[in-house]
Amino acid sequence: MNKIVLYLLVYGATLGAAYDLLKAPSYFEEFLHKFNKNYSSESEKLRRFKIFQHNLEEIINKNQNDTSAQYEINKFSDLSKDETISKYTGLSLPLQKQNFCEVVVLDRPPDKGPLEFDWRRLNKVTSVKNQGMCGACWAFATLGSLESQFAIKHDQLINLSEQQLIDCDFVDVGCDGGLLHTAYEAVMNMGGIQAENDYPYEANNGPCRVNAAKFVVRVKKCYRYVTLFEEKLKDLLRIVGPIPVAIDASDIVGYKRGIIRYCENHGLNHAVLLVGYGVENGIPFWILKNTWGADWGEQGYFRVQQNINACGIKNELPSSAEIY
C-alpha cells in the first residue's frame, strides 16, 4: 500500500478514536474546569451542554472525514456556530464605499517559485494576537500586513494599534465589522497608524484619540488584486509580503492541527493573514495567521489545502499596501 495512503488511514483512525460521544458529560465537566466557564443558571448550563454535545459530534465527524487535519474541544465548544461567527470574526460591508485602492489584474500564469515559503522564518511576522469578543478581524489582518511591511523594510517588528482603527475609521464600523481594503484607505485618510503601546487594544468601540505625532507607519498606496489562479497568491505573497484575505470561518472553529481540506464556502465572515505556503504528505497548503489567541490551532495559525478555494479564500480580492 502507498505509504502516504497508509499514513492517512492510520492518522484518520487515530483521530476518529480520540473522542467518544457517549462521554460528552465528562468532557463537558472537564471543559468547564479548563476554561473556567460559569453559567447564570442550571437551565443555561443545560442549554450550553446541548450545544457542546452537538459540537462534539461535529468534531468527531470531522476527525473521521478530514484525515489530514485534527479537530478538538476548545474554548468555543459551548457556543453555536452562529454565536462564534457573530462574536469572534467581523468581516462585513462598510457604511460607505471608497475607491482609493488601485485594482491590479494578475492574469499571467503563476511563476515557478519555491515549493515552500514562510515569512515567519524570516522574522517578518508579529506574534499572534487575540481579538476577543470584538468583530475587528479586519483591523487585525490589515495591520498584520502593515506590521510585516514595516519589518521587511526596516528589519524591526512592531505591533500597530488595532484600537486606533476601531475608534477612528469612520468608514468601517469598529467591533461591528469592516473590510480589508477600506481599512487601508482609513489609514491613508488618517495619515498613519500608531503603535499598540501608544494606543492599546480595548476590544470595544471608543472615542477617537489619535495622535498624529506618534504615527509609526504611513501608507503611500493600496492595491486590490484580481487573480485568475489561486496559486498566483504564491507570487504575490513572496513579492509584497503577508496578505490579508477573507474567508468563511465556519469550519475552522474546532481546528487543532494539520491541513484543512473540507471547509465551507457559503459566505465570507472573517479576515486572516496569509503568511506562507508549503507541501506536506503530497498536500499543498496555505499558512494563515488567525486572531483567536496562540492557544487556538497551531499556536494561533492554521493551514488549508491550496487550489480548492478552501474556506472561500479566493472569493474576495486580496489586497496589500505600500508604506513610506
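Just so you know, glycine gets a Cβ as well, placed from its N, Cα and C.
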Recorded disulfide counterpart of C263 (Swiss-Prot; options C208, C311):
C311
Check Swiss-Prot and name the cysteine among C168, C175, C222 that pairs with C208 in a disulfide.
C168
Ten-angstrom check, please: count other Cβ atoms within 10 Å of the Cβ of N290 (active site), all chains counted.
28
Cβ atoms near C134 (disulfide bond) (within 10 Å, other residues, all chains):
24
For N159 (N-linked glycosylation site), which DSSP three-state class applies?
coil
Entries of C137, H270, N290 which, being active-site residues, have CA atoms within 10 angstroms of C175 (disulfide bond):
C137
C175, C208, C263, C311 as disulfide-bonded residues, winner by CB count within 10 A:
C311
Could you state the whole-number distance in Å separating the C-alpha atoms of C263 (disulfide bond) and H270 (active site)?
13
